[in-house]
């Protein structure tokens, strides 16, 4: 092993791969008449890791032991609390999709169609997390796109083929991998057309985007500029076939429950009819009765609805579910903050009353699980700011008063309890 030396009289040694001298790198490792530096070793390790990951993707999609729907659901349970029916629907749909891909090369009279998925549920109910967890489980390229940023090609904004470009970027422009990936399109409800009737005027960010997405979701050859460039005439494009990409579309669909209720209550007219009041059923129960005609009335075009045959509805998370989300998943928020405080060699205790207060506040804000982190972050801000410069703190206790803003965290200094911010 050749270490760097400061002597001018010594003959300089150079890396045989990058040509850097021993003074430009941390270490030079000697072989028979050759040297390699630490930087080149790191680069080689990175190349090996990338190739191993690529081999893992191919193996995960071609192996005979594709996870069963029950195994997929069990893994979803580790990260997503509640939404049992949605997890079961997703597990079956994803299993069937990748089982279909495994049998593409086999000649058969029956051609299996792709089953893209539509997730309907309020903000913070777990739609995006479900899609992310599925992609991580299957070890396939994954991208999240925001439908509200999309416009028709030729207008200011992103066109739909930018989605495929991002998917390619996520797998280092390996087309075969991208063609078996998962695309999650969020806020799909925000591009609904403004009325039930087809638009007479140009709607470049609503119905126009739906028409553009239709081709992508159904399966087309998307032309993507190489290495993330902009489209220019006479430019070579990367051709990506979207036929086998799984598309998952999600949205809150605020107001859809009213459309469903209006439809279902039409039957309750006349003598002896039993009409349920709208308050008797919660929104989640109503959304489970979603029919294609309701989505058309809401503003999605029939052709796009037809390309999203699997519909899973997610209910609003109640206080008990939000409290479980804080502590039970593998990457639960409370576990994350325990780890952060442990890095300062301090124990963090968040009492059950505090967890309940966090859940209540998230429900009041109508942010669902997505708002939990900001509530905890706000409550712990002062103590996380002061803690690195404090001496002798062994434990921090958070109760419901801290969450509600009526108190401060209790700090344990060896044997003496003190309140954060007190002298």
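Each residue, glycine too, has its Cβ placed from N, Cα and C.
Taken from Swiss-Prot, the feature domain 'ClpX-type ZB' applies to 3-56. If you look up Swiss-Prot, you'll see 15, 18, 37, 40 marked as Zn(2+) binding site. The ATP binding site annotation in Swiss-Prot covers 122, 123, 124, 125, 126, 127, 128, 129 and is backed by sequence analysis.
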One should report the C-alpha separation between residue 126 (ATP binding site) and residue 40 (Zn(2+) binding site), rounded to whole angstrom, as 42
Whole-Å Cα distance, residue 40 (Zn(2+) binding site) to residue 127 (ATP binding site), is 42
Same-chain residues at least 6 positions away from residue 15 (Zn(2+) binding site) with a Cβ under 8 Å from its Cβ, in sequence order, are 21, 25, 28, 35, 36, 37, 39, 40
Fewest C-beta neighbours within 10 angstroms among the binding-site residues 18, 129 belongs to 18
Apart from the site residues 15, 18, 37, 40, the 8 Å Cβ neighbourhood of the Zn(2+) centroid comprises 16, 17, 19, 20, 25, 28, 35, 36, 38, 39, 41
DSSP, reduced to three states, assigns residue 37 (Zn(2+) binding site) to strand
Model confidence for the domain 'ClpX-type ZB' (3-56), as mean pLDDT, reads 78
Neighbouring CB atoms within 10 angstroms of the CB of residue 126 (ATP binding site), all protein chains considered, total 28
Across every protein chain in view, the count of C-beta atoms other than its own within 10 A of the C-beta of residue 123 (ATP binding site) is 15
Spacing of the two Cα atoms, residue 123 (ATP binding site) and residue 18 (Zn(2+) binding site), in whole angstrom, works out to 51
